[in-house]
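Asker: Sharing a structure below in structure tokens format, with a few things to ask.
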Amino acid sequence: MKRAALLVVGALAISLICLGISMAADPIKVGVVLPLTGEQAKFGEIEKNSFLMCLEEINKAGGIKGRPIELLIEDDTGKPDVGRSAVEKLISQDKVVVLSGGYSSSVTYAMCAVAQQRKIPFLVTTGSADKITEQGWDYVFRLNPPVSEYPQALESFMKEVAKTQSVAILHENTLFGQSGSKEFAALCETAGVKVLMKEGYEAGAVDFKPLLVKVKAAKPDMVYMISYIMDAALLMRQSKELEFNPKLFVGGGAGFTLPEFAKNAGDAADDVFSADLWSPKVPYPGAQEYFDNYGKKFGSPTEYHGAEAYASMQVLADVLKRAKDLTPAGVREAMLVTDMKTVFGPVKFIAYGKKKQQNQLPTYLVQWQKGTLETVWPKSVATKPYVYPILPWAEKKK
Amino acid sequence: MKRVYVPLALLIVLILFPLVVTDAYYQHLMILVLLWVAIGSGWNLISGYTGQVLFGAAAFFGVGAYTAALLLSKLDVSAWWGLPLGGLVAVLIAFPFGWICFRLRGPYFALATLALNEIFRHIATIWESLTEGMVGILVMQTFISKIPYYYIALALAAGSVIMIDVVTRSRLGYYFVSIREDQDAAESMGINTVYYKMISLCLSACVIGLAGALYTNYMGFIDPKVVFSLHDISIMAILVGIVGGVSTVYGPAMGAFIMVAIQEVFRSGGFGLLVKLGKATGWPVMATVTKYVSEAHVLSFGLLVIFVILYLPNGVVGDWSTLRKTLLFWKRETA
Amino acid sequence: MEVFLQTLVAGILKGGLYALIGIGMTLIMGVMGIINLAHGQMMMVAMYITYVFFHYIGLDPYATLLISMPSLFLLGVFIQMFLLNPLMKVESILPENQVLMTVGIGMVLTEIARFIFTSNYLSVKTSYSTAAIHIGGISFSVALMIAFIFACSLTVGLFVFLIKTDLGRSIRAVSQDGEAAEIMGINAEQIKIVTMGLGAALVAAAGSLLLPIYYLFPDIGGPFTRKAFVITILGGLGSTVGAIFGGVALGLAEAFGATYIGMDFEDMIGLILFLLVLIFIPGGFKRLTKV
């Protein structure tokens, strides 16, 4: 008897709650899918915070035509089938008008396929496999550049300043590492730079010395490494240990530009170059401000993934403002003619090569100088002059 | 008679399900459940009935998945041919592996399958000219509607459950169980243990390989980390098996339903209920609770395993009578 | 020549660390006949303990050995007493239930670590983290050499303990024949509890010694669990000397594989070596050396 009463009370409570929700102002629903648990959770969290930070500013400023935006953030746990569950739920139950997010490429691909089939526009924030925008999908837009376009700035630096003759390429065996290293090797080939070796490794290795010894013996002018934070830090620490002195250490973005890299590599990080998409010092409106505000609000620094998320939200707000009607088709129409400036750079979805509805961004070359990351190339946006050639380890100690 | 009617009724419900529930989200979840029913049944045959615990189900799953994907990317043949071929290729892998590794007993066999799993993952990652490495392979989905996938998955799941039922009630089943109970005794009775273990492993590999090929066709994208995942495929297969009930025909079906449901309930914070509750009550503490609940799905898997092994060592189906008694007892106490 | 020598040194030094990870596992596998698939996760717990003491109190990772080893001993005892020993009384179909239990324990440990510390990468930076001695162009990592010395002395200590003390003899007795040992008046259940504690304490030592040169996040356990059982199979179950052999063999195989075949193949070489040993020399080095 008691239990029956309890059940009735519970049911009443739930229906009251539901009633309460339906009576609130009618927000515009936007779905965002990010990895909030599992191995990639760290970056999913930064992106989620950035989305919410931007959302707060938009809604404070009055939202979209008087209506607030509501973000429905779902967790994909880093698995494609779960990511797909999340998107199916957002589309068929929550009836969102537009989707965003997408961190790892495999999950992003699975989600975009659903979005395309169900004709809901999807703005990709991070998933960087080239193929995602090469499917001819007309409901998928991508804010971030694909992985093949990261080393553009490095190319001109190698030609004009370093006059590099030979390179060794080391990469982690991930999508980012494998396709990035292939693109870079092809780029070197056409530029007449000799690729002495190109070798992958399983992320999380303990000891890179056997690999580094081999690279050292090959005597390349430059070492190009595509690695994640901790592998990157270990590679540099062990290069120092082995006193391996090429003229140039260059990272291929990702791990090499994050503050944790410098923290973990210590003085071994000094003078290391890296290709980069974004740093707080890029000449885009609001970039530095975003970086500072994030640090103030969450107590830990943000990085380019966060900027991508913040910019995605800016684009979404802009698109929803311009959309003639708030249906998926209407949002898509508005998205097609996007032309705006975000903290992550100018955004415009264009078709080129095999790609469609892809945003193109300039890339930069950055360098760690005494523990801070400085933009050094192209010269027009440099915050500090580059240090080249770099000193051998033995002389640095003094 | 009950033996036939209950499953038949269940099958009819499952056949009608997508016609009644048209929400694509629930259809997707059910497809996942059916996929896991097949994988769990495959695992159960070699591990539960024959006693050779498989720690590397993903090796067969991934091989099936890659067979389907490579057919399309290399030979330009429809990935649907991967369904029959995926099972076959998985068997072709299982055969030499069994030949070499069946001399290993108990945990050593388990470790060898785990090593096989990892070796395949590395091969698929490194052999870029064939598999595209971590870049992965794309297969465009054939159907927009989920219903065709649902019925194919249902056929696969029902087929594997029926297969287990038929096999285990035949002479083969008795051989399998006798090998599990005492391999030396079985050997001395004149049972060719390697031969029967091989049959069991090949059947298992075939079912799991088929599931892999279906995964490729349904999800449309595979990479080595996803389909050869030790954690998300191999261990999940074990969880489905032991939670549902080792060495029971319907155990894996129950296990698959429980595991997918748990994952989804935790991930979505009780299907969004917690978020609504938080908004309605306005308690800031609800946000934290929601966050922790959604983070807890792997933890809940771990705790569930520990609980099941300690208290329901034969799984929900295997220990159903105990479970029911406990529940009834509890009900009487509270009433 | 320099490449060869440097590879040799790197392989041996890494092997010392591997041996330390393997010793605990070999003890557990030898005595209980089960594979502890939560071994790497136990090491992860020890590494977090080391990290916490370093970060908040500034305690040197080597000094933390005195804390991490006893704490993990207690964790091992707890796991054996409340989670693994009760299983022996539970009727179940699969004899591998204990192994499956360790999988569950591993998951729970990892997720608890994630709840407390999130998925962030952590590391401790000490003066010896990147220190190296250079002899004739070959570099010797200081931290790895210390780990190597530790591994050797722990092995010797454990060896003496198993041969000379009553408790050690009881452990060996249980590992050779549990039932017979029980008839002889040894409480096998207690011995298993002690063994699990010891195994956990040994891997804790490995964790504390590894942290200064490596890094830490909740999912770090899995790969090391895999390494640990490879080492154990290479060295032979229950053989402490075998663990050193197994560790160094794996270290060398990985290092030479990485240098002369390709770093891509580093993990695969270990796994293939593992399968070969499992099939052709079941019993590992122990069978060859009889130690």
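Yeah, the Cβs are placed from backbone N, Cα and C, and that goes for glycine too.
Curation plays no part in TrEMBL annotations; they are all automatic predictions.
Taken from TrEMBL, the feature transmembrane segment covers B:5-22, B:28-46, B:53-73, B:79-101, B:147-167, B:194-215, B:235-262, B:296-313.
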Asker: Please tell me whether the transmembrane segment (B:194-215) and the transmembrane segment (B:53-73) touch - that is, whether there are at least 3 C-beta pairs under 8 Å between them, with each pair 6 or more apart in sequence.
Answerer: yes
Asker: What stretch of B:28-46, B:53-73, B:79-101, B:147-167, B:235-262 shows the most Cβ pairs under 8 Å to the transmembrane segment (B:5-22)?
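Answerer: Answer is B:147-167, with the largest number of Cβ pairs below 8 Å.
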Asker: So if I exclude everything within five residues of the ends of the transmembrane segment (B:53-73), which remaining residues of that chain have a CB under 8 angstroms from its CBs? That is, six or more out.
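Answerer: Same-chain residues near the transmembrane segment (B:53-73) but 6 or more away: 39, 42-43, 46-47, 79-83, 85-87, 89-90, 93-94, 106-107, 109-111, 113-118, 120-121, 124, 130-132, 137-139, 204-205, 208-213, 215-217, 222, 224, 227-230, 232-235, 237-238.
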Asker: Cβ under 8 Å to the transmembrane segment (B:147-167), counting only same-chain residues 6 or more beyond its ends: which ones?
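Answerer: For the transmembrane segment (B:147-167), the nonlocal Cβ contacts are 7, 11, 14-15, 17-18, 27, 30-31, 34-35, 37-38, 41-42, 44-45, 49, 83, 173, 176, 203, 207, 210-211, 214, 217-218, 249-250, 252-253.
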